[in-house]
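J.: Just lifted these from TrEMBL, have a look:
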- D320: active site (ACT_SITE)
- H75, H77, D167, D320: Zn(2+) 1 binding site (BINDING)
- H77, L78, R79, N109, N293, H324: substrate binding site (BINDING)
- D167, H194, H247: Zn(2+) 2 binding site (BINDING)
- 67-252: domain 'Dihydroorotase catalytic' (DOMAIN)
Amino acid sequence: MIIKIYNAYIIDPFTDKEAVADIVVENGIISRLIFKSQALSLKPDTKPSALNIKPDLIEIDARGLYVFPGLIDMHAHLREPGYEYKETIRTGTLAAVKGGFTSVCCMANTNPVNDNPEVTYYILAKANEEGNCDVYPIGAITKGLKGEELSEMAMLRQAGCVAFSDDGMPVMNAMIMRRALEYSKAVGAPIISHCEDLFLSENGAMNEGKLSFYMGLKGIPRAAEEVMVARDIILCKHFHAPLHIAHVSTKGSVDLIKKAKEEGVPVTAETCPHYFSLTEEAVRDYNTNAKVNPPLRTEQDREAIKEALKEAVVDVIATDHAPHSLDDKNTPFQEAANGISGLETALALSLKLVHDKVLTLRQLIEKFTVNPANILKINKSGIKEKAEADLIVVDINRQWTVKKEEFVSMGKNTPFDGWQLKGKVLMTVKGRKFFNMWQEDK
Ligand SMILES: [Zn+2]
């Protein structure tokens, strides 16, 4: 199979190239990459592009389209093993490539928990057999995510884990967190911290404030997150071990991370599209599809998150893809599972930051590619000759409507159903595999 992409506007933060080019992919490898005169057009025009498919050859006139390296999602839940009724590695990675992700890091809260190498090997073998893209397991910090006893971190690292996290459960004991940070530094993979003080969040179901009071729901104060962000930053500072803060949702967390970075503390952070696309208003009608942990916050927090992305206080956009079955969500609000099926909407929701001039396109792509790769030490070569093809073709202006029933993820739990979004992945090429979403457009 040969794929020829002409006149694509490439933005590749890995090779630091940004220009119009022709790309030829043969048998999964980029065989030719020809950059054209910068003068040709620095800004893609809006001429319609064309796709021509023959049995062994795909030709794309990509004028007006962009080509980016395949995106990396450093925070997803693929649910396998143990919760295959919510998602499998096959369906989760299919949702990934549809959303433009060619690398997915999967959290350890499976059943059994990924706290020993057997589970890591199982995930990697399954991904190899049935996966549609690269899968990087994240090992548990503590055995059974119980927060009591460290997992075999060195063995997990050796088995292929790229980071450690008890995501879903915070490590409440500061001494255990200290030891975890020290071990993680020794084995060369960061701790990804789900920051939540369980005593402060105490079975809360949404952000604590006027709205939770009005709705009669128990709230989770911002302090539940910020207390732990502060604690982990202090531990990170004292023991100088790599720390990554997961799904930042509050202005207070942003302020703490900003100050820590200014002091040279080796902390990095991520947020998710829902924290800059929505506020707590999304749960006003008890919509369980907008129930997430940490909860959606206020407009002030949303603005602070956007500013933090702009100022590079938040380094990464991750999905926290958390697919659930209908039964997990069709319950009273307090009991509903937390999470959004996020892989298929993440890029388009994030492109709004570019359309609204919060971020440049280059900055946005950095947060989806080179930044997570650097934090996790995932070796990616970007778009260059003789490298494996790992790229996406994107129309950043194409309008589409989110229809949850069209999700390829088994999780249809999205608060964005019916939303009009701008920006669509038309094709994902990952080695010899390619996924053509072009033809789905009516
Ligand atoms: Zn989490």
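Using N, Cα and C of the backbone, Cβ positions are placed for all residues, glycine too.
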J.: Where H75 (Zn(2+) 1 binding site) and N293 (substrate binding site) are concerned, what is their Cα separation in Å, rounded?
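T.: Cα to Cα, H75 (Zn(2+) 1 binding site) and N293 (substrate binding site) are separated by 13 Å.
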J.: If I restrict to non-local contacts, at least six residues apart, and a C-beta distance under 8 angstroms, what lies near H247 (Zn(2+) 2 binding site) in its own chain?
T.: H75, H194, E270, T271, C272, Y275, P294, A318, D320
J.: Roughly where does the domain 'Dihydroorotase catalytic' (67-252) sit in mean pLDDT, to the nearest integer?
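T.: Here the predicted model's pLDDT, averaged over the domain 'Dihydroorotase catalytic' (67-252), is 98.
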J.: Excluding D167, H194, H247, which residues of the same chain place their Cβ within 8 Å of the centroid of the Cβ atoms of the recorded Zn(2+) 2 site?
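T.: For the Zn(2+) 2 site the neighbour list reads H75, M107, S165, G168, I192, S193, C195, E196, A246, N293, D320.
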J.: Taking only same-chain residues 6+ apart in sequence, whose CB is under 8 Å from that of D167 (Zn(2+) 1 binding site), what do you get?
T.: H75, M107, A108, N109, I138, I192, H194, A246
J.: Which secondary structure state does DSSP assign to H194 (Zn(2+) 2 binding site), in the simple three-class scheme?
T.: coil
J.: Quick one: what's DSSP say for N293 (substrate binding site), helix, strand or coil?
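T.: Reduced to three states, the DSSP call for N293 (substrate binding site) is coil.
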J.: Are any of the binding-site residues R79, N109, D167, H194, H324 near ligand 1, with a Cβ under 6 Å from it, and if so which?
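T.: Result: D167, H194.
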J.: Cα distance, H77 (Zn(2+) 1 binding site) to H324 (substrate binding site), nearest Å?
T.: 10
